[in-house]
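Working notes, structure below.
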Amino acid sequence: LPLLLKATLLRLASGSYHPFYNGFYYNHIMNDEQDKVDYFSGSKLVVEASKDPVYSYNGANVTLPCHYRYEPDVGPKRKIRIKWSKLRDDYTKEQDVMVAIGKTYVAFGDFKGRAHIRQAGETSWHEASLVISDVHLKDDGKYRCEVIDGLEDESDVVDLRLQGIVFPYQPPRGQYRLNFHEAEQVCQDQGAILANFNQLFQAWSEGLDWCNAGWLADGTVQYPIRLPRKPCGGVHLAPGIRSYGPRHRHLHRFDAFCFSSALKGEVFYLDRLAGMTLEEAKQSCQDAGAEIARVGQLYSAWKFVGLDRCNAGWLADGSVRYPIVTPRANCGPAEPGVRSFGFPRKGRFGVFCYRER
């Protein structure tokens with residue numbers, strides 16, 4: 001029976017296969033003889049998920065609340081199918097996360113070993129909540145909780161949002177040099193992922209103003225403008241997210257908007273009296289039991305930990321930057337932010353290191 005259940009779970013996850021429309025199949029294959037009940041008993045299946053977004057961060061464990069009940073309650077029923085899927089922003093495609101029947105479940109893709117149904121508590125609602133451990137940056141998004149009972153199929157949607165920061169990124173060779181796939185890679189190299197539109201919009205609402213267009217995770221190219229000006233779409237356009245729409249992922253080249261979340265470790269600064277070359281900086285971090293920090297890690301430490309340092313330091317990509325929370329004389333512009341000296345080929349600076357806790 002367990003092998004049969006697992007095989008059925010795998011087929012349930014397929015978008016092109018809908019066995020739950022066949023009552024005979026479930027009555028005679030999925031259920032024991034004593035579990036047979038009338039599909040049309042007059043009891044209504046109700047599914048309810050969290051209406052408010054669920055917030056988490058990279059590396060944490062999170063529960064996406066979802067419960068179901070019958071109106072009126074008809075007492076114990078046969079085993080229910082619970083399916084969780086991750087939705088695209090436009091709802092046109094789903095990524096299978098997990099399918100469960102009773103205590104037997106199958107998780108799919110990157111969710112293997114990280115997803116399970118929360119154990120039931122003392123409540124009139126039946127448990128269908130999804131628990132995700134070691135949250136990844138790309139877990140951010142909308143999830144469908146679907147409960148299938150014979151011919152009945154009800155669902156609701158939960159929005160998982162990672163607490164993070166969006167930052168624009170240009171490679172050492174300059175502006176507008178990245179196709180979509182290269183943009184994905186440079187964000188990953190900096191401890192981040194390509195931002196989605198919702199993340200960019202949130203960053204814009206918090207004050208991000210950037211006149212260079214960059215790739216987003218859906219293959220569109222956009223940029224956030226707080227202060228309309230001539231080179232950035234014109235002075236007569238209202239503030240907002242300017243969009244070039246979808247672009248060719250191989251041929252067209254722009255910058256990237258990367259998204260990084262809160263850190264599991266710490267970023268700290270090291271220096272020598274005479275400064276360090278990039279190679280010396282990397283070695284100093286290793287000697288301290290750490291590694292040279294990535295750009296995304298520095299931005300995260302600035303936003304979530306309040307890292308404030310008016311000394312420039314090397315980062316893993318060969319850039320030199322420093323984070324300012326409290327603007328002051330001789331520390332750059334009057335606004336908080338991460339300042340950049342670009343990618344100097346020569347020079348001696350301090351270094352920002354990252355160490356796991």
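Every residue, even glycine, has its Cβ placed from backbone N, Cα and C.
According to TrEMBL, the feature signal peptide maps to 1-15. The domain 'Ig-like' annotation in TrEMBL covers 43-158. Per TrEMBL, the feature domain 'Link' maps to 165-260, 266-355. The annotation disulfide bond is assigned in TrEMBL to C211-C232, C310-C331.
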Q: Quick one: give me the count of other CB atoms within 10 A of the CB of C232 (disulfide bond).
A: 19
Q. Taking the domain 'Link' (266-355) alone, what is its mean pLDDT?
A. 97
Q) Which chain-mates of C331 (disulfide bond) that are at least 6 residues away have a CB under 8 A from its CB, listed by sequence? A) C310, Y322, I324, R339
Q. In the domain 'Ig-like' (43-158), how many residues does DSSP call helix, how many strand, and how many coil?
A. 6 helix, 61 strand, 49 coil
Q | All-chain count of other Cβ atoms within 10 Å of C211 (disulfide bond) | A | 14
